[in-house]
Amino acid sequence: MNSAEIMADLSNHTPMMQQYLKVKKDYQHALLFYRMGDFYELFFEDAHLAAKLLGITLTHRGKANGNPIPMAGVPYHSAEGYLARLVKAGRTVAICEQVGEVTGKGPVERKVVRILTPGTLTDDALLTSYQSSNLVALCIHQNQIGFALLDLSAGIFKVQQQDYKPEQLPIELARLMPSEILIDEDLVDPNIIEQIKKHLDCPVTKRPNVDFNLNNAQKTLCDQFSVSTLSGFGLDPLPLAKAAAAALIHYAKETQKTALPHIRSILLEQSSDFIALDPITRRNLEIIEPLFEHGTSLFQLVNDCQTAMGGRLLSRTLMQPVRDTALLDARLDAIEQLIQGYHESPVRLVLKEIGDIERVLSRVALGSARPRDLVQLRHACAQIPFLRNALAPVVQAKKSKLLGQLDQELGDFKSLHQHLMAAIVENPPVLLRDGNVIAEGYDAELDELRQIRDHAGQFLIDLEIKERERTGISTLKIGYNRVSGYYIELTRAQAEQAPADYIRRQTLKNAERYITPELKSFEDKVLSSESRALAREKALFEALLENLRENIAHLQMMSSAIAQIDVIANFAHQARLNNWARPEFTPETGIKIQGGRHPVVEALSKAPFTPNDTFLDVQHRMAIITGPNMGGKSTFMRQTALISLLAYCGSYVPARAAKLGPIDRIFTRIGSADDLSTGKSTFMVEMTETSQILHHATNQSLVLMDEVGRGTSTYDGLSLAWACVVDLTKRVKCLCLFATHYFELTELGSEPGIDNYHVTAQELNGNLILLHKVQQGPASQSHGLQVAKLAGIPANVIKEAQKRLRILEKQQQQHLQTSVQSDLFATLDSEVTPSTQVIEKVIEVEVSSPALDLLKQIEVDNLTPRQALEQLYELKAALNS
């Protein structure tokens, strides 16, 4: 049963259900949490969906068209856990609260006060400490695209606009880490949604075209920032960025049901400001999330930030390494100064005492702050002088401009701290409605109301004594209940002695209850004092929030400074703890790492980690790495990328020394897996990733390629791997680490720009000892059977494999004696002049081969991935014919 189907005729429903259906009509896209007393209830299709997603009981309430109305509900006091699960599942939830007073005349007034979506969360109960809630909007027009990002929980707002290249979209979105993406429902290409969902696990929300209106965007943003022009933000020539930003403002106001006073500025970014990392590279390097459930990511390893906002800033820093070496050196100077004077420890001790004020300030701005939020803010203000004292030796030395600047941005909030100390009790309740939040002595009117409320007991005792003396009835009692209010109780036998001013209120089996004008006056005063005191507390609390909102810009600056100091101190702590070194930057192309280590593997390994050197430059762009499985090839490649990444995040690095030139992108082609969702085989996935690298890598890119070509036949795979090495070296000219089991590739080591390396291993008494040391030169053998033995392959299988290996090696030797070695790899294009000759080599085929004829007919640039795979099968069939 669908609520929309029964909206046509509301007359057959109860007043409560009529009210529900009218509200639901405006929120068809959301699960409506409808407040009913101490529960949130859901009806019709919402009830079915909630019962399924939350595992709660599906029941019914009333009927519609003769059928029971499905109903499910959750307790109000524990709703946050259920809300978190629904939002995590990508659902939108509308919270409908009781806002009116119970009058007995029809249902109490209700309205939607907040809409929860994955990209608009600010409540700690709905977010983990290190999780950002990033709302991202896209605006595409012709060959341009505008991005905008809004993190309501942190007050972060930024935009960029650039040429639209579909293949670049996943890279930019992965850097922004969206929790929810907004798109124009009228203009977007369906393929874009498909591409987003392929690479990112976040909902895509279609919004009305008017939200993205280019003409209205300027006014929307000017109104938000209270300015007459956006030229100061650098947005004038960027209409699509402005349109995307305006769409975010519309959506945020709609979901929060309030203004956004903490969104006071906007930052313009350029994609060229950052090192590009596509989703595959982020996953392979395990930057934020580990590849496997019980693994450890780089973020998990290095995150020992003392504040939640510092942890979130660290996560953003790792996801978007910057290319501005002046900014990086400023960070490194700050780290160096903290390390040299052992200053990071006292700084971190103070930071540990500071709560998540970044999110507190967002809730203050949105009007959803709770009493304990202000206690957190009060305590943070109290810690600022201690934090500045801990930084003082470094600031006074004037060797770190960044720390000096951050020290100033911390500000002085002594007066605010004193104000909050006077206003809020030491340990307030969770909710304002529970009362006793405002401290005694802060407000005279509130103190008077509390006096009446709190001293009611003594008044009643005194009145009871007085009435006993007046009536001479020693058993007279004064009491109270919620139904009757205050009363004087006499037994039936004594009721005849009741004075004339006793007004009968209630008759019981054995007693009569009365009220007097004096008791009635007291009752009115006491009962109203409770509600009036709570109303006064609410007004005072709202006034506090308004006062804080007026100072929100300075408070946000303080919060941002704390987060930055926390990240810098954390990097200093990691450097000291793990013996990391300060990296150097050079304008010359290259990567030179001495004694490099993989930070995660080193930290988790029980055995000492074997450090290795990396050397790549314009004369040595390609390193072909051979050697046994488990020998450390993948670890070596990943550590090179992670060291480069950490350096460009402004951190010290796990190495004895590191010197890095410009890097615009990091690519990885590591590991193998089928993509069952799209029907792609392991080899097809491998080739798709390889194609991305060949098309988009530049001479400033760092490329890691592991076992290219292993997903197909030996000769096909070898030929492809060979061609990739040649293309990356001669045309792309990137810096590349290329691990392979194709020993034939080591022949390329004699070509300019290509060097051979191998991971060392030794055999001792038939056992393989992996030394994990990378040395120059090709590997002498693969040690495949020894690795299989280490993996626990049964002895009889190893023995059979050894027999087969000897047979194959003998056959290969016989073949080599009867063939011309120089014909194995023929130059692909004999017409190229020697100075520019490409050294791609493939298995030689006869000139009249059907396969060669078919190959000549293929238009490579126009092939889709599926067509490419079909052509491969046709080529193989032609070769076999």
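Cβ atoms are placed via backbone N, Cα and C, with glycine included.
Feature annotations, reproduced from Swiss-Prot:
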BINDING   Gly627, Pro628, Asn629, Met630, Gly631, Gly632, Lys633, Ser634  ATP binding site
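Note on Gly632 (ATP binding site): other Cβ atoms within 10 Å of its Cβ, all shown chains, come to 26. Ranking the binding-site residues Pro628, Gly631 by the number of CB atoms within 10 A of their own CB puts Gly631 at the top.
Classification of Lys633 (ATP binding site) by DSSP places it within a helix. Neighbour counts were taken as the number of other C-beta atoms within 10 angstroms of each residue's C-beta; across the binding-site residues Asn629, Ser634, the minimum falls on Asn629. Around Gly627 (ATP binding site), taking its Cβ as the centre, 29 other Cβ atoms fall within 10 Å, counting all chains.
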